[in-house]
Amino acid sequence: MKYILNSREMKQCDENTMRRRGMLSAVLMERAALATMQEIVKRYPDPATKVLVVCGSGNNGGDGVAVARLLYLKGYNVTIYFAGNREKATEETKRQMFIAEQYGVEISDEYPKDIVDVIVDALFGIGLSREVTGKYAEILQKMTEQDGYKVAVDIASGISADTGAVMGTAFAADLTVTFGFIKAGQLLYPGAEYTGELKVADIGIDEQSLYEIKPELKVLETSDLKRLPRRVNRSNKGSYGKLLILAGSKQMAGAAVFAAKAAYRMGCGLVRVATVEENRIILQEQVPEAVLAVYNNGTDVVKFVETQLHWADAVVAGPGISQSDLSERMLYELLKRIQVPCLCDADALNLLSKHPDWWKLVQSPLVITPHLGEMARLTGRPITEIRDRLVQIAQEFAMEHQITVVLKDARTITAQPDGQSYINVSGNHGMATAGAGDVLSGVVGALLAQKLDIYLAAALGVFIHGLAGDAAAERVGHCAMMASDIVDGLMDVLRKQEDTKRQ
Ligand SMILES: NC(=O)C1=CN([C@@H]2O[C@H](COP(=O)(O)OP(=O)(O)OC[C@H]3O[C@@H](n4cnc5c(N)ncnc54)[C@H](O)[C@@H]3O)[C@@H](O)[C@H]2O)[C@@H](O)CC1
Ligand SMILES: [K+]
């Protein structure tokens, strides 16, 4: 697990490193510049390389001036364009400009006309505080349109470090060298697209510099797979949890099939599918490993729900259940009685958005897995707003309802009720296909049934689901990928993890 910082947290971390750990600002800046220079030299080892460094008045500009000096001392053909206001420059930046001039580097106040090989963007860093307009917008435009390899210092100028939003105009980098921690805006879209390749340089700011800061965002890594439920030799199917899946309707058997298959692939000991009578044959054919509990309009819903809940260690409710009267009754009676962890997806969420009072019914830990459209219905906010404020909206909803919210998008956010969230970086656009969400329900459901901590079950489930999609992409490519390939991808991911553990 790694922390991802927003600008406020990062500034506090810089402060802590200087004030509380005694590190000097100039040393941090020198290390930041050194790391950036080294990344450039790695890619462009020939000192005949022409480099333009565009600097602003803030400390990001100071980093840029220092990068230029270090390249100059290696014999590179460097020009600094100082786009900021010299008088208003920070003390550190003024000092860097003085040093650069003493070393013989020229600083120009005009945008140079020459063609260059590398353009270094040190206009704004994490101190960007408003929309970029006028002269600065023109400069960013020019830098982006100009030919040459594009390197951003700390963060692409114009990208919000907090949300990844383009603040008017932004620099589109091929490479970003960031310092200490990844910033949220480098993982969230559209910022991720402007970041290019991302290198995190160690400049002496690390987790110890956090002190009492509890970052709001975290990201899981492959090393976190070791947190999966342990399997032991002396065990039986009862040891790995019993998952009840309320899924499928007359026209939609597939949702139940994918969720059940994914749950079994994720190691669940026993899966029982509660579905409509009409799905009996297809489920028995497609997932013979699953136990079936079928219902119809004549079923005593209360008795049915009580029997199933008595058996289950965890429940997945919603994939493909439709919004029929029968599904509505089934969900209502289930939410009223449930005492084990529960995941609600798809039509269960659509029903919940019709009955906001139902939240109060649920006494057990709840995970919801809405996509943007479902989240729009749940919150009554437009999809565009949800997309722009992905983390905040997921967090607000999780805190308000004291539940875990998995808000599905290209970067899925798993928000915990305590205000912390995971941002997921696995997966690919091939997974934008029917049934992928049902697979996710099954994966997370299986982890809940295996008694993994609820937040971890949700975040790790999302991460593994993405990895399974990446494995599927290797096998079948992006365009041809179907939900069943993601289920198969789970085999690759878990098998690889078992091999790693054995080594
Ligand atoms: N000790 C430190 O604090 C360190 C800071 N470092 C660098 O310092 C950067 C942060 O520096 P600063 O906080 O000085 O901020 P920035 O250099 O990111 O820029 C802030 C300056 O730009 C102005 N500004 C903000 N948005 C604007 C807009 N839309 N249009 C026009 N002007 C705008 C602000 O008024 C301010 O003068 C980091 O990104 C990093 O590159 C690194 O050197 C590492 C150590
Ligand atoms: K920058």
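Every residue gets a Cβ built from N, Cα and C, even glycine.
Where the annotation comes from TrEMBL, it is an automatic prediction and has not been curated.
The shown structure was predicted, so the numbers you read here are calculated from the model rather than taken from an experiment.
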Record-annotated K(+) site (TrEMBL): member among Asn60, Asn77, Asn85 besides Asp121, Ser157: Asn60
Matching residue for the AMP site, where TrEMBL names Lys408, Asp409, Ala410, Arg411, Thr412 - out of Gly380, Gly435, Gly437: Gly437
Annotated binding-site residues Asp121, Ile126, Gly320, Lys408, Ala410, Arg411, filtered by Cβ under 6 Å to ligand 1: Ile126
Distance, Ile126 ((6S)-NADPHX binding site) to Asn60 (K(+) binding site) (CA atoms, angstrom): 8
Distance, Tyr136 ((6S)-NADPHX binding site) to Asp409 (AMP binding site) (CA atoms, angstrom): 32
Among Asn59, Asp121, Gly320, the binding-site residues whose C-beta sits under 6 Å from ligand 2: Asp121
Local backbone state of Ser157 (K(+) binding site), from DSSP in three classes: coil
Candidate with the highest Cβ count within 10 Å, taken from the binding-site residues Lys408, Arg411: Lys408
